[in-house]
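Listed in TrEMBL:
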ACT_SITE  B:144  active site, proton acceptor
BINDING   B:13  diphosphate binding site
BINDING   B:142, B:143, B:144, B:190, B:191, B:192, B:247, B:297, B:298, B:299, B:300  substrate binding site
DOMAIN    B:9-324  domain 'Phosphofructokinase'
SITE      B:115  site 'Important for catalytic activity and substrate specificity'
SITE      B:141  site 'Important for catalytic activity'
């Protein structure tokens, strides 16, 4: 295979470890100079390709690239921008081909979630429909943990660890003061359609009666009476009640408990405000003093307490993506496969994008216990390995974590025509 | 001095490091068996003394006591319960004397904030007014950092570190996606009357133009127009705007931006909801996509990213409290004194409770910059040393932090009469 350059882009909501995948891609590409020339990173994701705004990662030192492994956020910039079908957006696809041709790009690594898998699949199809040879590999990333095939999604393990630890710490706080102060604490976490992140809060329960006492999943229809009865029972029994609520908590008819009303670029409803809604119910119906927290971006950006397992896997999928591309694979995603046996183990295998794009993996019902308010043993067995190990970033003398400081040298533009997004 | 037992209690809102102070008290007392017999800890704070519910810390192993150093929350239980004046609550004070007499308690260590300093002072006055010899030492603790005399308050440094790191991490997240997604992010932090915690968010600004771009302090009257103009200007200039807002943010007339309407046991208004209020302003007046987070208890319980400086100081004030008591001091608080010179250093000195009780230390105006939207160099110089160093707790194989597992053996009651709170 002739030597080609690679294009790498970050897509959608960023995570604490997406840059670890970038690190895996770039470091591995550097080890295979025979096949891959330069890795160009899209400035702000796929938009960078459309605008011909390519960051030359060759200009970054080995130390800077290594530092990506402990840098949260999307170091090259990410975007919420979904390419439509080939028919609907022919201009965009033609532009991508023009840019790829101009910069001799033969490898496309797209680091994102379900929507990005779809884009990646479309790019791979350009090989046929537009007669441009390109190897398109999707690098999995999403805190929502909703990609199929892969055992879990890089980014999720670190959110899960953050949520489990935060739930545990806040629960100890409330427990120690509940006699004369707050009785009910609610932590609202991300998870639009699937309760994976809320489920992770359940890991804080290490012994019977440990908080959280109630987890609200999008998968289980919310019933106000059942909920309040459980809260009241818990406060009467333990003196306090800790609730982890998914932002996607909804009634039987599908209505979200709180709906901010706005819509993101992918047409998804933007949520927020389940915790205050629940707090009001508790206050009005039961009269208990409450507190609530909404972690929002803090949870997905929390590189300071990333799961070591997650960091390793995020790096590994980046590495595997390059190895698969060099091996001639196309339209695949490196998926994490969980080993058999009691001790947790994992490996990477290629999974076909055609069966991944636009498929949302829901949490199995048997990961939730019978009454629908906590995780089951199966759920715990699945989740627990994903938060194991601590991978601390280095800190400066000023007490703040150190992050990669990219030079971001742009590749000279070769196409005269500008492209308006 | 005849050998006496000691009583130790935790009071008010707990912190990530109040148990490190407990550890300092108990370990130091154990080194001075000649003077101090047993250390009895109040179950749920001062209420434990009133009810004669005393936890015998002698029943806890050295390992368990050492583990307090990395256990967040109030391990012996805390409470929001303020003793009134000696005249108003004679029954309570008489009860305390009865319990102290029954258990041969000659040392009183009270670990709390301003209200607790007041209680501790009153206990010390029992020596004279009720003719009962007791050495009452206040062990400082409050995330609000509002105790006078001491350079800072144990508990604050760890919240400051959590807020600075969280602000930095979330800012990197938003910055990397702002072109096509969220433009404005608001983090609401604690701080009812003083902006110390909000100020700590300012440490995330390491270089010019770094987020946060706006800090809202209780000390600076909120002006909606000025605020929105600044937000708009920042988004236009940088593409995004990060705001750290104190829960105590208020208008010129003193009205809080958001007031949950309830009142705690000390008569303080319970706040919450500044972030959504600001978010609505941004959305309605500027139309920017926003996100907001409310850290609430997560920030004060976050032992997982405690400041090493804070942990050391929390332990040191506990240790010094015992040493001061043995030295015959009464009605004092071990205060942290900052050394002169460019390199940060600190020592402990006794400060008189009479000048501490009910005095709230505000943040100096010169810690805030001229326009009132960020910290000044003086503010940075004050805050920066307090978040230095990381003191990670040990973790179990399951990826969760290990905490002290107290047996909590209660001392046999010696008084027949029960006391109703």
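Think of each number as a place in line: the chain as shown, counted from 1.
Even glycines carry a Cβ here, placed using N, Cα and C.
Each of the recorded positions B:115, B:144, B:247 was scored by other CB atoms within 10 A of its CB, and the lowest score goes to B:115. A distance below 8 A between C-beta atoms marks B:298, B:300 as the recorded positions from B:141, B:298, B:300 lying next to chain A. When the recorded positions B:13, B:115, B:141 are screened for a C-alpha within 10 angstroms of the C-alpha of residue B:300 (substrate binding site), the residues that qualify, in sequence order, are B:13.
Largest CA to CA distance in the substrate binding set (B:142, B:143, B:144, B:190, B:191, B:192, B:247, B:297, B:298, B:299, B:300): 16 Å, whole number.
Listed in sequence order, B:78, B:80, B:113, B:142, B:143, B:300 are the same-chain residues at least 6 apart in sequence whose CB falls under 8 Å from the CB of residue B:13 (diphosphate binding site). Rounded to a whole value, the Cα-Cα separation of residue B:115 (site 'Important for catalytic activity and substrate specificity') and residue B:247 (substrate binding site) is 20 Å.
On a Cα basis, residue B:247 (substrate binding site) lies 20 Å away from residue B:141 (site 'Important for catalytic activity'). Cα of residue B:144 (active site, proton acceptor) to Cα of residue B:191 (substrate binding site): a distance of 6 Å.
Neighbour counts were taken as the number of other C-beta atoms within 10 angstroms of each residue's C-beta; across the recorded positions B:141, B:300, the minimum falls on B:300. Long-range Cβ neighbours of residue B:191 (substrate binding site) (same chain, at least 6 residues apart, Cβ-Cβ under 8 Å): B:144, B:197, B:198, B:218, B:246, B:247, B:248.
Per-residue pLDDT, averaged across the domain 'Phosphofructokinase' (B:9-324), gives 93. Around residue B:298 (substrate binding site), the same-chain residues at least 6 positions away in sequence with a Cβ under 8 Å from its Cβ are B:162. Of all Cβ atoms in the protein chains displayed, 27 besides its own lie within 10 Å of the Cβ of residue B:142 (substrate binding site).
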